[in-house]
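These notes concern the structure reproduced below.
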Amino acid sequence: MAEESAMDRFCGSEFWNSSLSWWTEDPDLTPCFEQTALVWTPCAFFWLFMLFDFWYLKASLDKNIPWSKISIAKLLFTIGLLVITILDLIMAFVKKGGDSELPRYSLDVWGPIIKIATFLLVLLFIPLNRKFGVQTSGCQFMFWFLFVILSIPRCRTEARAHQQRNEILDSNQEEIPDYSWEEYQFVSFFIFYAFACVMLFLNCFSDAMPRQTKYKRGPNEIPELSASFLSRITYRWFDSMALKGYRNPLEEDDLWDLRPQDSCKEVMPTFAYYWNKNVRKNYKQAAQTSEPKAQFANGKVSFENPQGNGRKKGMASIMPPIYKSFGGIFLFGSFFKLIADVLTFAQPQVLSLIIGYVEAFETTPQPEWKGILYSVLLFVLASIQTFILAQYFHRMFIVGLRIRTALINCIYRKALRISNAARKESTVGEIVNLMAVDAQRFMDLTTYLNMLWSAPLQIGLALYFLWQELGPSVLAGLAVMIIMIPLNGFIASRIKTYQIQQMTYKDKRVKLMNEVLSGIKVLKLYAWEPSFEKQVLDIRDKEIATLRSTAYLNASTSFLWSCAPFLVSLVTFATYVLIDENNVLDAKKTFVSLSLFNILRFPLTMLPMLITNLVQTQVSVKRINKFLNSEELDPNNVQHDKSRPHPIIIENGHFSWGDEDETTLKNISMEVPKNNLVAIVGTVGSGKSSVVQAILGEMEKISGSVNTVGRLAYVPQQAWIQNATVRDNILFGKAYDRKRYNRVIDACALRTDIEILSAGDLTEIGEKGINLSGGQKQRISLARAVYNDADLYLLDDPLSAVDAHVGKHIFEEVIGPKGMLKNKTRVLVTHGITFLPQVDNIYVMKAGQVSENGTYAQLLKNKGAFADFLIQHLQDGEEEEEDLNQIKRQLSENAEPELLAPIEKAIKLARTESLSDSISVTSADSLMGRGSLRRRARRQESYDSAASAASLKRKQEVEGKLIETEKSQTGGVEFAVYKHYIKSVGIFLSVATLVLNFAFQAFQIGSNIWLTQWSNDKEVETNTAKRDMYLGVYGAFGFAQVISFIGAVFLVNIGGLIGANKIFRQLLRRILGAPQEFFDMKPRGRILDRLSNDVYKLDVVLPDLLRVFNAQAYRVLATIVVISISTPIFLAVIVPIGFIYYFAQRFYVATSRQLMRLESVSRSPIYSHFGETVTGVSTIRAYTVEDRFIEESDNKVDKNQVCKYPSLIANRWLAIRLEMVGNLIILFASLFAVLGGQSNPGLVGLSVSYALQVTQTLNWLVRMSSDIETNIVSVERIKEYGETKQEAAWELEEDKKKPKNWPADGRVEFSNFQVRYREGLDLVLRGVSFNISGGEKVGIVGRTGAGKSSLTLALFRIIESAGGKIIIDGEDIAQLGLHMLRSRLTIIPQDPVLFSGSLRANLDPFDVKTDEEIWKALELSHLKAFAKGLTSGLNHEISEGGDNLSVGQRQLVCLARALLRKTKVLVLDEATAAVDLETDDLIQKTIRSEFKDCTVLTIAHRLNTIMDSDKVIVLDKGQITEFASPTELLDNPKSAFYSMAKDANLV
């Protein structure tokens, strides 16, 4: 016998005996081993990992768990275990050693002592966990689990020994030995073991809820908080959500509350603490003050200002605070990753054992239990890896989420304090991107970050093991892999340039579509759709060409990666067999190497991706740092010294907008006594608003002092309206007091506006106040200030956007000496000179200085800047008639005689201008109650002519929601959608793709089976020719794989593009052919979303997903086929496994899809709220409501996490379930291979190495299928738009028979014509009949809503007739093609719409006229001089919407269009306010001369323009009330026309 080891002496028996344990048919362990190693392992584990338990106690947010059945049971059973173990120790002293013949060994003493110590520790944790509110402990669960599992061998040993003892006792020997000690041990062990099993069972459940929690735990709390350890690692707690999501689509209310640890309230203080420390380190401070840890003082976190602390050492970076705040969890996760990486490499080692077992089957068969052991070992390794990886990813996601939360909130808080100079450096969009893109990037990176050390580690380990198998020839394979990396890098950079190109085309396309949609009505009137369709399609073709190049490149990269493993193995094996005659490939070498190569593939793919990701994140870090380090507003710009005499005082102030050298305001001195009203006036750009900003502290103070006392309210010049209800905008965070609220609304003249809004003051206002008119926004902004009840009011020109009579009302009710604010201190910047006599003091600004100040009377006497200002102001002629009279009155009282002359002159001038404007067709405002919901300057535009106020009211009710709401898709996608997509791609391409993918897998299996053949062939060792034949065929298989794979990828990409293009063209054609009402119902943004976002998904996202999905699906099939070839019995297991898989997948897809939708819905409010804050930051600062906004932002971020967190968990939930399915496949594949008596080692190696990969593939497959379902929705949405109702055909066959010059005379006849805007609305024209002979000039007048515009729209068939007909030159227009009709009529529309492009394209988009004709038209429309003056002449680029031309010039361009077209019928929809008088005269002159022999229909808003027409049609409520010549009507004082003319001072 070998000499005794220390352990043998310790136990008094043998510690390890390999012939007993390994080289035997019936393995067993020695009692010593069972009682030492197998007991001490779990104890050591517990002592080691107990530190984590202590950490959890410290980190717990809760306290005080009440006693429950579970905790009492745990306590009792642990005490029971202690008692038994102490008894063991006592019995050892009683029964052994001393007088008894049994010697006492160290084990008998130390064994129980170690157990007693461990159980005492376990016992200690029971009250500790209760006290600190820890409901479950992973460390304890693992301890009991290991303890129970590792005690199983001893159960077997004890049971066997007991049986042997009984046999001896029954055998009637004379000397019956004394078995009392053994019997005692037997009984005590089994009671002990039973107790241990009960403890394991108790540890599967978590304890009761804690009584004291830091955050209130609602009924909706996330189950994870009180889930047991077992439930946490298997994600069983998520089952309820998965089930709910599977039964019906999840809604927001179904989601759980956020875990308190992830909420802003927990994340921010930690981050702020480290950020502030970092700031202090980087910016040396004058006085070193120590700061306590950032607490939530009533919910506030303060970030220090990097600029405020004296000298700068460097930029404070966000990285150190991130490491320090979140590094702990990250490192813990990395530890998991390390274990998982090491386990990955254990699998090929076990595989080699299994192959060895099968190889030895025929020569020297090993006992069967070893084969089973290997299979189970493989399964256990894979399962441990599954659980560990799930925890790893979970940790990483949490870190990512928290970093994102911290950054978003940090950026938000900074944005509220940043100085104006720093803000100017970047646009609002860029600042919002910091949050949307850069903060998001961190989240995407955290999961990969560990690859930095993990990838090199994996590559190193793989090479080490490969070297052991194949020696130096590994280097050949490695070389191939390394060559691949730069190749890939090169292709990736090419792809990137193509992507940038494609994005620019996409932007161009979307911009053009945006213009088309905004000017769609004009396009229809001119019949210009085909020209624009062609322009869009031209851009689209370029885009497709770029996408096609990208597709070729993509095909090559994916080819590189998917064929890389094959090439590598080919090169390596070839090198290996060719270097040396003696090198022979056997099954073990082949398949262990293959599985190692497969492991290598992942880190090599990841590295290049990781590097680009890192570079991008580096850029993001720089951008965020720059923003967080930018300058903040100096809080000392404004003092608040209560001892000063007046509430607002500025003394010798010099101010700038942050540019040191440039002073905007100089020598400003100003005081505003309490309760006074002070006005600031001056010409444009004289610095009026800047003074207000200086008082607010928004400007940098260079010298002097500003002092304010009391709370401020501020009304900016550009009203800032939040995306909330009208009421919320006015209350602005104050409590609702009904009486006060109603007073404010009446005073600010908002009552009528609110009554018109569908839901009253609870109507939601779109972003930036999109559904309000300028005046309404301004009044709401004013109401907000009045309701706020502050002490000081800064009003920056609040009356500029409102009509004159409203302005007067507001001044009297709110601002003036009798208004609501009469007891407040007010500063008013104003242009309205009517109110100046009523203010207490006036400051006149000139070029950034106060030129004079005093009361109205004093200033007029001075004849200084103020008088100049008055005269200049009058000449601008913005005043209404009545105001002019008032001004004249005030002046005659105060002014000097020599001043009066120039002022009188100015007044006269102003009067003549305003006359022509004051049209009296009952002011549109009174009917619409000033500003209906979709109020446009061009009220005529959409359905305003609904004949009566009643139908108008009804229309508003329908529009109570802003606009018809978008249906969020719920549930699955119908098969019809897939069919539609496949049809668009083409049946042939679709089938070919499938066939090629099938071929690829077939060749791959072929090459692998060939390898097994080769490795099993013993002749190869001697016969080199045969070896070369094997090598050659292996290579050929590889070549076939490459060809089929490239084909498959290529076809998917090209097919996807063909499909996308087809669907896009169809969509475009259907949208352009949709009737006008379609565009009135659908907001432009939503239509654009279809054309940009959804089309992008069809172009880029879907083909990619489909390709991967195809490949993975075939891969799973291939795995099943290969395993079934090697062990046919495997097919029996496939069915139940398939079931499990299918269910997990269905549950997951339903839940995950809905969670992703909810997440994206909850994400945009964060950014839009931020964008809103950045634009309104000066208002927020003025009202000092920063804290409320910060809280709102925090809540929005938390709400987004509420949706985000479950969708991350859903991924883990699925991964665990699918990977366990995969692990079962591994288990059965290897078990059957071992038990089925399979004697072909190659096949076994093949089937197990395929099985090892299946988990990854299954996981991908489900991800892809769910992504495809999420993205195919785009096809569904486009399809829905592609099936919209269309207007009548553009061209008809009969049109060609019509004469070329139709209409030759221009006779227009309406007979009993009726029309309505949409089904179910009232008629707008009710049986109109009249005749116009060719060449007559006819004016059409009537009040707003009488149906004037409807008449023209009907003439062009923008709205189709509901009865009766219109006949032009004997042709019923309803029988013509739309383009035939519209191209033969000419219209000069009310609002001049121009499109971006050359001037020429705007006049003649079809390019059919010669240059001479165009210049002629320009000359007649008085634009020739302008066009000649342009450098590029007719090719002058016009910007979007014609912004680089004045409104008058735009109107003239429309005239030129009409002149170019020159048809027999001209419709003139008169511009209301757009044109100045001069332009108007030009247009009238040209029309009279150029169109003298045409029929002209004029819709008049100003009567003087139609006084010389042949006939006048007066419309009222959709019917003709008068039709005669103007002179005839004017002779009759009773006619409606006469009363209108009288109102307009024309008679």
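For all residues, glycine too, the Cβ spot is worked out from N, Cα and C.
Now, the feature entries from TrEMBL:
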| type | residues | note |
| --- | --- | --- |
| DOMAIN | 331-616 | domain 'ABC transmembrane type-1' |
| DOMAIN | 648-872 | domain 'ABC transporter' |
| DOMAIN | 991-1270 | domain 'ABC transmembrane type-1' |
| DOMAIN | 1308-1542 | domain 'ABC transporter' |
| TRANSMEM | 37-55 | transmembrane segment |
| TRANSMEM | 75-94 | transmembrane segment |
| TRANSMEM | 109-126 | transmembrane segment |
| TRANSMEM | 133-152 | transmembrane segment |
| TRANSMEM | 186-206 | transmembrane segment |
| TRANSMEM | 372-393 | transmembrane segment |
| TRANSMEM | 473-493 | transmembrane segment |
| TRANSMEM | 558-579 | transmembrane segment |
| TRANSMEM | 591-615 | transmembrane segment |
| TRANSMEM | 987-1011 | transmembrane segment |
| TRANSMEM | 1031-1060 | transmembrane segment |
| TRANSMEM | 1116-1144 | transmembrane segment |
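Comparison of 331-616, 648-872, 991-1270 by number of C-beta pairs under 8 angstroms to the domain 'ABC transporter' (1308-1542) places 331-616 first. Beyond the transmembrane segment (133-152), the same-chain residues lying 6 or more positions past its ends with a Cβ under 8 Å from any Cβ of the stretch are 38-39, 41-43, 45-46, 49-50, 52-53, 56-57, 60-65, 118, 122, 125, 193, 196-197, 199-200, 203-204, 206-210, 212-213, 225-230, 232-233. Counting same-chain residues at least six beyond the ends of the transmembrane segment (591-615), those with a Cβ under 8 angstroms from any Cβ of the stretch are 344-345, 347-349, 351-352, 355, 441, 444-445, 448, 451-452, 454-456, 458-459, 462, 465-466, 469-470, 477, 481, 484-485, 488-489, 492, 561, 564-565, 568-569, 572-573, 1008, 1011, 1015, 1242, 1245-1246, 1248-1249, 1252-1253. Same-chain neighbours of the transmembrane segment (372-393): 233-235, 333, 336-337, 339-340, 343-344, 346-347, 350-351, 353-354, 357, 447, 450, 1211-1212, 1215-1216, 1219-1220, 1222-1224, 1226-1227, 1230-1231, 1233-1235, 1248, 1252, 1255, counting only residues six or more beyond its ends whose CB sits under 8 Å from a CB of the stretch. The domain 'ABC transporter' (1308-1542) scores a mean pLDDT of 84 in the predicted structure.
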